[in-house]
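So that you can see what the record holds, here are the features copied from Swiss-Prot:
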SIGNAL    1-22  signal peptide
BINDING   P519, D542, V543, D545  Mg(2+) binding site
DISULFID  C616-C651  disulfide bond
REGION    661-739  region 'C3a-like domain'
DOMAIN    684-719  domain 'Anaphylatoxin-like'
DISULFID  C684-C711  disulfide bond
DISULFID  C685-C718  disulfide bond
DISULFID  C698-C719  disulfide bond
REGION    743-754  region 'Factor B binding site'
DISULFID  C1347-C1478  disulfide bond
DISULFID  C1378-C1447  disulfide bond
DISULFID  C1495-C1500  disulfide bond
DOMAIN    1507-1650  domain 'NTR'
DISULFID  C1507-C1579  disulfide bond
DISULFID  C1526-C1650  disulfide bond
DISULFID  C1626-C1635  disulfide bond
Amino acid sequence: MEGMALYLVAALLIGFPGSSHGALYTLITPGVLRTDTEEQILVEAHGDSVPKQAVISIHDFPRRQKTLFQTRVDMNPAGGMLVTPTIKIPAKELNKESRQNQYVVVKVSGLPLELEKVVLLSYQSGFVFIQTDKGIYTPGSPVRYRVFSMDYNMHRMDKTVIVEFQTPEGVVVSSNPVNPSSVLIRPYNLPELVSFGTWKAVAKYEHSPEESYTAYFDVREYVLPSFEVRLQPSDKFLYIDGNKNFHVSITARYLYGKKVEGVAFVLFGVKIDDAKKSIPDSLTRIPIIDGDGEAILKRDTLRSRFQNLNELVGHTLYASVTVMTESGSDMVVTEQSGIHIVTSPYQIYFTKTPKYFKPGMPYELTVYVTNPDGSPAANVPVVSEAIRSEGTTLSDGTAKLILNTPLNTQSLPITVRTNHRDLPSERQATKSMTATAYQTQGGSGNYLHVAITSAEIKAGDNLPVNFNVRGNANSLNQIKYFTYLILTKGKIFKVGRQPKGEGQNLVTMNLRITPDLIPAFRFVAYYQVGNNEIVADSVWVDVKDTCMGTLVVKGASSRDNRIQKPGAAMKIKLEGDPGARVGLVAVDKAVYVLNDKYKISQAKIWDTIEKSDFGCTAGGGQNNLGVFEDAGLALTTSTNLNTKQRSVATCPQPTNRRRRSSVLLLDSKANKAAQFQDQNLRKCCEDGMHENPMGYTCEKRAKYIQEGDACKAAFLECCRYIKGIRDENQRESELFLARSDFEDELFGEDNIISRSDFPESWLWLTEDLKEPPNSQGISSKTLSFYLRDSITTWEVLAVSIAPTKGICVAEPYEITVMKDFFIDLRVPYSVVKNEQVEIRAVLYNYADEDIYVRVELLYNPAFCSASTEGQRYRVQVPVKALSSWAVPFVIVPLEQGLHDVEVKASVRGELASDGVRKKLKVVPEGERKNIVTVIELDPSVKGVDGTQEQTVIANKLDDKVPETEIETKISVLGDPVAQIIENSIDGSKLNHLIITPSGCGEQNMITMTPSVIATYYLDATGQWENLGVDRRTEAVKQIMKGYAQQMVYKKADHSYAAFPNRASSSWLTAYVVKVFAMAAKIVKDIKHEIICGGVKWLILNRQQPDGVFKENAPVIHGEMLGGTKGAEPEVSLTAFILTALLESRSVCNEHINILDSSINKAIDYLLKKYEKLQRPYTTALTAYALAAAERLNDDRVLMAASTGRDRWEEHNARTHNIEGTSYALLALLKMKKFAEAGPVVKWLIDQKYYGGTYGQTQATVMVFQALAEYEIQIPTHKDLNLDISINLPEREVPLRYSINYGNALVARTAETKLNEDFTVSASGDGKATMTILTVYNAQLREDANVCNKFHLDVSVENAQLNSKQAKGAKDTLRLKICTRYLGEVDSTMTIIDVSMLTGFLADAEDLTRLSKGVDRYISKFEIDNNMVQKGTVVIYLDKVSHSEVECLHFKIHKHFEVGFIQPGSVKVYSYYNLDEQCTKFYHPDKGTGLLNKICHGNICRCAEESCSLLNQQKKIDLQLRIQKACAPNVDYVYKTKLLQIEEKDGNDIYVMDVLEVIKGGTDRNPQAKARQYVSQRKCQEALNLKLNNDYLIWGLSSDLWPRKNDISYLITKNTWIERWPNEDECQDEEFQNLCDDFAQLSNTLTIFGCPT
């Protein structure tokens, strides 16, 4: 019998011939094949001269069930028996949903030997890029974008692209399909409620979303600057051993090219890790003259801050520079960072050097030398030691050194050092590596060295390529030619042969460099020796990055290249490739001052494209196969030379390495400190001489010192010394103030047309170059347009995509726009309603003569300003030639929203004039608060009858600022069911299961089963790469061997037994059916007759009328039965055989008519028994059989039999438990109970069971079958199909969203201004999350902040006259914060969070002194000087005393004018317990004169008039009062008495008793109790209301503020208030007429009402 088995095996394996020794057949493909892309492969027959037709076919892996592509090619001697067929793999035929790597089989037949190679697959079929019009945006603005798409041949591809916009938190807020050819791509509009930070626009192909391209842009609030500042350090590093000072040149230019006059404030510092340590003594004021200045960091200054400079090595120096214009109207802050502090100024890398060398042949060592900041270091001499070779780096930092290697060595130690003449030897940079010898095949000693020595290679060059060979003479004489492949962008671009003559050891060929080879290519060459050896080498070649085609933007004529006037007409000319599509945009260069990181460039395009190279080294390889692998190729030959299987498409990415005290006081300090020789004591002395912001005495300061008595003594001595000098200076100090202004009358300016169109980007056009090309093959097109109104330089950026020449980014074309006289109106991003602010109109005169200018601020009722409806505000100022003058205007915004600020100016005696109108954003008062509500939508759990309905209750906003909007944003996101466990069992652990079957009919199945189930599992999970894709072929061979051997034990009736003469076994026959049915899914050669014959035998011979199956001949190897051999045997056997019948159903249904009836009888039997079963194992097995037959959907009985709902256990039976639990998992998957399946999978994986053979057969089969089914079903389980309806109160039609698996992560958003209840309903399957964000402005409430565990006092006062004032500051105050912890011990790690007054910044120097020195009061501090909103200071304290009050003082400087300042706040809290906190507010008292200092002309009175004024005018008569009281919208007229004045929440509350209702209004019963009249505190003086006085008062209906059961009255500018004399005063002659008028007014309106 065994002889018969071997014969059958031999017959089945006859299709596997042995190797032919007559020729060497080779197949080479790219290491990764891309779908839907034409790819070139190579098939070669070396040593064969017989013409052949080869069949190239591509099949799916691992099952090879589909032929994805097939072609035939003729191989003949005329073509060198070499063919390069083109293949294309259609993505639609493959499973793109798989999370695993996918492979295809490339097969070559028609040769004497078939060639096969399994190759990794990629679905990325091209490149896609996004261009946004800018790199930075403000909330609410549109983001314009366009898409460029091309294939790997750089051909334009108008394939649909999905564009997603993602917030900084990664939430997808928009996802839309876009056709790159469309010129009407709708911009994405940023919402007003938007996340600040870096956003992403992500583009990916619709049918291959795993690869994407991302464009970034920032979103924040900003105002464009009027000039840019560039910093240029003298060196890119700070050499620690040097003695030179460090210089930084400062260049400041207006955006229209003129030079800035002003001042720069420069502060140097060192960044140590992530902490910035400034050098306070380096703070200097540098004049900017003619746009230039220079800052110097002296070595002594650096040493004064850091005594041991060697400790700074490895850290970086930075220079922070603030440049302010002469007029003070604009300020730009910039920083030069990343200046490395080094002992050696260079670093050496071997990033472009091959790791392998050929002994006895030249070795090209490419070294890359960088500056410490990672930039290339040019002109640096380098030298290699041992094998000496010298060179000098080029502009890209590289130098090539040729090393002549010795013959007999296997490793080559290499050390390269810089050889700079100005550096001592110990400071030269060095780098070492060891190159390894190339291993020849079989130790033959045959080598090939490909050399390309040109330094810089560009398109159009003819490149000499040298082929050097070395080996024994016999081998070399066999070489007739070299075969070479050129790869670029991951594709085989060209294949060729270079002949070699006999005796030639060096062959040179010329290679023409075409644009297709940009940005780099790989040159791979090999030759064959005999018919079994391949000798190979490769080299990576960089090509200069340029456009493959042409694109130029220029002025259409010489006139267009000149400086232009705003609004002028001009033309530009485009020159490019015929048929190219050109995208244009003009961007204000001020945008790039704020952010130029994200601008599209040709370099970025090539950087992305270069990543498509599948090669991962600089060339060469460990051996012949390594050469192909490292170049990104896959190779197989007829002699079983095979490259390793690739498992990732990309290469590992290397780290990217690119890119005022007086002089006398200072002298006194220096002299005093010099008296201490000890460095530590000198530090104590210096700290003692630093000014203490809190004003502590020297003695109190000394209490904080912990460095010992000697330090304390030095500190006290120096502290007292400097105090004496300061006191003397104080007595001599004086303060001088000066002011002048004038008025003049000039002509009107109504004819001046104001400039108002100031876009940040425009000219967003797409143009096709359809014009006939010229003699150079270039098409051109002229565009006409009108310039916008900005005085700036526009940068016109053009990006083209040509039909066959890829993407080209043109050099930007600049258009400078200016005129000799103009206004620059500097408007902040936003101002707060009712906060008085100063804006500046800067007048620029670039003429050669002085001028006099009249400036006019136009009236706008939305502001209170010096311009009124009846009289415009004008001022005349002189402006010197080639200079500027700032005219300040103070305004009070009275209404929210966007409002025009317009300024006009005309030059006296000339026609020159200008006008500017800009929008000013006015935001509401109060503190912006967010309320977030999250609702989970899960209708299957939370719904009734499948629908979840929920009412969202409106938020209670009792603290909302009146007359402000509420913004509510509703966002819905689906919750896709994620896969619980990926790669449940590691495929690499299954090697032991692929074994050779053997033995009797039972043993053969025991040993065949592991190969079947391992292959089944690895196919399902896509894990062959973990085990080795070549092992699948071996596994299939073992399966077929087991199949052939089992035929020996098949009886004529298709039943099976251990031996042919033994009675047939029901269980064994069913098991053979089950395993063969599984194997039929793996290989095609298992015949259906074999499977179905066993099924028919079971039905006809072993099934009883009631459906049960009987066993008449149990198996010999009882261990192979698994758990079925226990109790409840009939149910177990019937369920087991039923599963086998169901497995075979797809194969046998057409061949066995009674199969369905047999299955139904077994089902009926099992259904009767199911609920009564006792064993967990039998319950699980039966549940699986019934669920597989689709007759069980209820999992309650199954789960009741489990232990912990994740396993089905019986005592002391591990493998049976694994088997039974696997059946249960299969049952749950068949019932679609995916949530319940998760814990079961986790339990199975935790068992770390990798299967076996004897005694473990059923556990092995079932665990891998179950986990494979889990892997198959979970990715396709997309049980998310929700319909959501949101009924918002202001919408007639509900918002309806449909959420499924494909769009789950795209947020659906809606916004409403109402704060009302609304309903949401959800139905369907799955979950979603609805987030409701409500944003509103809350009143500042001091009493709402109850202090817990902290006492806190906050106050502000005027700074002392001798206090140092920050440069550019308009005023200086001192902030005093005193706190004490109210616990039993000191509070550790306490934080003080200070919200600054608007317009004020904290004094960093004061805070630095508090945090430095031996008498350290604070641990550290952080300043956020955000001028758009209020700045903040966060102070960290190591402790706060519980026994005494501790105070901090520091100065705050006013940098811009703000009137009616909102209160600032100070919060102290414990880091470890946030409930322990206290908040207090602070505000400068008007008595300090702060308000008066911002007055300009009569603006102060106007600012006060924004409140209601107490009407004391004598010219008011009865008729005027009646007219005003009866005006439209006047709601009420009362006579009141003022009972009480309260201060609350920053407002004044006037409590009034309504004595008489003269005209009734909204308030139904105003006399029921006293009424509250609310006024802003700023209006107190203007109103001047007195207690117990009577008043005539009326107001508008819009000024009523409904409360819970009451009404408050707002006092606004529309409120009429007059004092009503009392009865005694009415007797005086002075008040008689007034009292009569009031009485008559009351009678008229009460009796007759208002006249109609």
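Every residue gets a Cβ built from N, Cα and C, even glycine.
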Fill in: CB-centroid shell, 8 A cutoff, Mg(2+) site P519, D542, V543, D545, site residues removed
I457, I518, A520, K544, W606, E610
Discussion item. On a simple 10 Å Cβ count over all chains shown, which one of the disulfide-bonded residues C616, C651, C1347, C1447, C1579 is most densely packed?
Written reply: C1579
Item to complete: Measuring CA to CA, name the entry from the disulfide-bonded residues C685, C719, C1526, C1650 that ends up nearest V543 (Mg(2+) binding site).
Response: C685
Item to complete: List nothing but the one residue from C685, C1526 whose Cβ has the fewest other Cβ atoms within 10 Å; the candidates are the disulfide-bonded residues.
Response: C1526
Worksheet item: Taking Cα-Cα distance, which of the recorded positions D542, C651, C685, C1347, C1650 are within 10 Å of C711 (disulfide bond)?
Response: C685
Worksheet item: If you draw a 10 Å sphere on the Cβ of C1378 (disulfide bond), how many other Cβ atoms land inside?
Response: 15
Worksheet entry | DSSP state at C684 (disulfide bond), helix/strand/coil | helix
Response to the item:
DSSP assigns the residues of the domain 'NTR' (1507-1650) as 42 helix, 54 strand, 48 coil
Discussion item. What does the structure give for the C-alpha distance between C1579 (disulfide bond) and D545 (Mg(2+) binding site)? Integer Å is fine.
Written reply: 67
Response to the item:
Top of the disulfide-bonded residues C698, C719 by count of other CB atoms within 10 A is C719
Worksheet item: Closest of the disulfide-bonded residues to C651 (disulfide bond), Cα to Cα, picking from C684, C1447, C1626, C1650?
Response: C684
Response to the item:
Confidence over the domain 'Anaphylatoxin-like' (684-719), expressed as mean pLDDT on the 0 to 100 scale, is 80
Fill in: Surrounding CB atoms that lie within 10 Å of the CB of C684 (disulfide bond), all protein chains
28
Worksheet entry | Inter-residue Cα distance where the pair is D545 (Mg(2+) binding site) and C1447 (disulfide bond), in Å | 62
Response to the item:
Cβ-Cβ distance under 8 Å, sequence separation of 6 or more, same chain as P519 (Mg(2+) binding site); the residues meeting this, in order, are D542, V543, D545, W606, I609, E610
Worksheet entry | Inter-residue Cα distance where the pair is C1650 (disulfide bond) and C1635 (disulfide bond), in Å | 20
Item to complete: Would you mind listing, in sequence order, the residues at least six apart from C1626 (disulfide bond) in the same chain with a Cβ closer than 8 Å to its Cβ?
Response: Q1632, C1635
Practice prompt. Pop the Cα-Cα gap between C685 (disulfide bond) and C719 (disulfide bond) into the table, whole Å please.
Written response: 7
Worksheet item: Given the recorded positions V543, C718, C1478, which one has the fewest other C-beta atoms within 10 angstroms of its C-beta?
Response: C1478
Worksheet, complete the sentence: Whole-Å Cα distance, C1478 (disulfide bond) to C1378 (disulfide bond), is 12
